[in-house]
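Over in TrEMBL, the protein carries these features:
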type	residues	note
BINDING	His180, His288, His496	Fe cation binding site
Amino acid sequence: MVSRVEHPAAGYRKIFDTVEELNEPIPAEISGVLPPWLQGSLLRMGPGLFEVGDEPFHHLFDGQAIIHKFDLKDGQVTYHRKFIRTDAYIRAMTENRVVITEFGTAAYPDPCKNIFSRFFTYFKGIEVTDNCMVNIYPIGEDFYAVTETNYITKVDPDTLETVKKVDLCKYVSVNGVTAHPHTEADGTIYNIGNCFGKNMSLAYNIVKIPPAQKGGFGMTSNYFVFVEQPVKINLLKFLSAWSVRGTTYMDCFESNESMGTWFHLATKNPADYLKNHKFRTSAFNVFHHINTYEEEGFVVVDLCTWKGHDFVYNYLYLANLRKEWEEVKRAAVKAPQPEVRRYVLPLDRGKNLVSLSYTTATAVLHSDGTIWLEPEVLFSGPRQAFEFPQINYSQCSGKKYSFAYGLGLNHFIPDRIVKLNVQTKETRAWQEDDCYPSEPLFVPTPGATKEDDGVLLSIVVKPGAERPGFLLVLDAVELKELARAEVNTIIPVTLHGMFRPKPSS
């Protein structure tokens, strides 16, 4: 799985360029053969506007949200995209400047206002962004584009029009929620959010949206698993940022070298935090869980980790990602080392508490009552990350499984799609020169019983090609190309998304 490909032409910089939205869908040119059952829409979210006027956005997570759609119908494919009409976008376009502070870009008062107006604007506080560029998922019959603040935005998946902004604070006690909810078979949605607790602390709330209201954490049939990292928001900085301008979300994070990383367990039914189960391990960053399941009195947790307490997002500023290839590699050497890890949490206590035969992960009870965890490493390669993981979610979420699919990052640059067998640690990869893919989404073959019977869908950019953007369709078993649908436009980096099957007639 380790990438041997070099990128001296630095074509990857094109995926961080501003694009225009399309007035209407454009047809794609298809090569290969699309599976006849693959009918529906691939919906993807990401940044599409990387500067406003002469003011640049600085971080990968700052660009203004754009929604992409590849429609697959009767052997034909079209591509469409539109900017989400968030308050952040509308006001930025109206005033031709950054108006609302983003993750790593600060907004400042309008320089055209007089000095007194600017003074009072400076101290009125920062508005929370609604720039929903991270993911899109359904709630009942509706679809919402999301980031990780308290705002989500309802969109029309057919026209890509923005419908309305929703403030979650009006419904649940959270200041923000993850962009990665879990969804059960009956449509119940679970998510985890944070809120201000006692004594200037942050608390965490699990949010349940029942199916009648017609999915950053792990979930089994009976448990929620929350990983507490050594990177935290300094609440005083966070609150002061709302009083004095010039501070971004990134400025509010701090790394704690001594705390390590903690695993927290909570039960689903009845809802309860298991405060007596204290699991700790050495420090790492984690942004994506692969899967979590129970077996023989253990909770198995598979994660995409970055070793150490140094915050990985510090290395995702656009100035770093747009550098020449040799500079990108030198910068990545300073960043935390990525690893795919398996941790095993025992529900009962003993000495070495892990007795599962197929893993080398360990758990040891310490005298202070904590259980110290050591992982089994499922994949590790120098500056080679397996990220944006996907599984056969409908069949394997919360259950023992064999296969994970991910985006291979080569010194933070996406240049391959990977299949990882989490039982044998064997890997397969799709890779093509000067191609920059996105998160692969698994779509199962209708009626399939085998876990990897299906296809992977990924949006790929090939700068310099006659049709530089394409939808790639891979056989999920062998990672062989089945088809691609090429369009004559560059497609900027996308983060997450979903496949919406064609409704049954």
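The count begins at 1 with the first shown residue.
Keep in mind that glycine also has a Cβ here, set from the backbone N, Cα and C atoms.
Long-range neighbours of His288 (Fe cation binding site) (same chain, six or more residues apart, CB within less than 8 Å of its CB): His180, Leu303, Cys304, Glu387, Phe388, Pro389. With a 10 A radius on its CB, His180 (Fe cation binding site) counts 19 other CB atoms from all the protein chains. There are 22 other Cβ atoms within 10 Å of the Cβ belonging to His496 (Fe cation binding site).
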